[in-house]
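A short worksheet on the structure shown next.
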């Protein structure tokens, strides 16, 4: 390996590590949502998560999209933020968390399907099998014999996975002529505006918040949206779409590990095998995607 290729490889793996921080932060928000925030207000939580962070990013970035980019920007905002967040919470309320995560694990396969169908870029079979192993590993880790397959929840989870996969693929394919922070800010703002009527109509008003609940919402917005999405879209600009979508599996993985460490939620038997399978799948997809 030449010195230049070695430097390129190390830079690519650094981009992988930096991008991986985003889904790991999202994994930590599961605990914040379930243990700290007021219950039964999913769309309000999503709105508070994205709208303020979008405004802050745009105040800092001060960049407007080109006139011809608005339609694509609105599409990306709906896919990555507005529709995805709404479908995510519908699935979360109707399905066990483990089943929702297993359905979401198909995102890398959907991204590869889009690249093949639209760009005629056939994926390597090693990448396909690695992504399938991630879905199987997530099932081994999170599913139980008593898991209930509720049709509306399954449909919402599938639609949410499709939205995120399409958003990841199109963000890379379209490459809007905006700095990463501005692109992130506009998507968070527009996605938040799309969520506003849903939150107002579907959720009860917020009660008086405790200090911990206020801190939880601040964490969701500043870390779970502003920082995490900026890192995510930076990764999309630098890595293959399937590599980025595969890193999304770190979100439920992080939630499981934090539940084990902080809440005493035991990981037993085959769950460890599933954990190892998912982690190996992520590494394998990164390795094979970097060679296509």
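Every residue gets a Cβ built from N, Cα and C, even glycine.
What TrEMBL annotates here:
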type: TRANSMEM; residues: 12-31; note: transmembrane segment
type: DOMAIN; residues: 16-142; note: domain 'EamA'
type: TRANSMEM; residues: 43-61; note: transmembrane segment
type: TRANSMEM; residues: 73-93; note: transmembrane segment
type: TRANSMEM; residues: 99-116; note: transmembrane segment
type: TRANSMEM; residues: 128-146; note: transmembrane segment
type: TRANSMEM; residues: 152-171; note: transmembrane segment
type: DOMAIN; residues: 153-284; note: domain 'EamA'
type: TRANSMEM; residues: 180-202; note: transmembrane segment
type: TRANSMEM; residues: 214-232; note: transmembrane segment
type: TRANSMEM; residues: 239-263; note: transmembrane segment
type: TRANSMEM; residues: 269-289; note: transmembrane segment
Averaged pLDDT, computed only over the residues in the domain 'EamA' (16-142): 90
Same-chain residues near the transmembrane segment (269-289), Cβ under 8 Å, at least 6 residues beyond its ends: 13, 16, 105, 108, 124, 126-127, 130-131, 133-134, 136-142, 239-240, 242-243, 246-247, 249-250, 253, 256
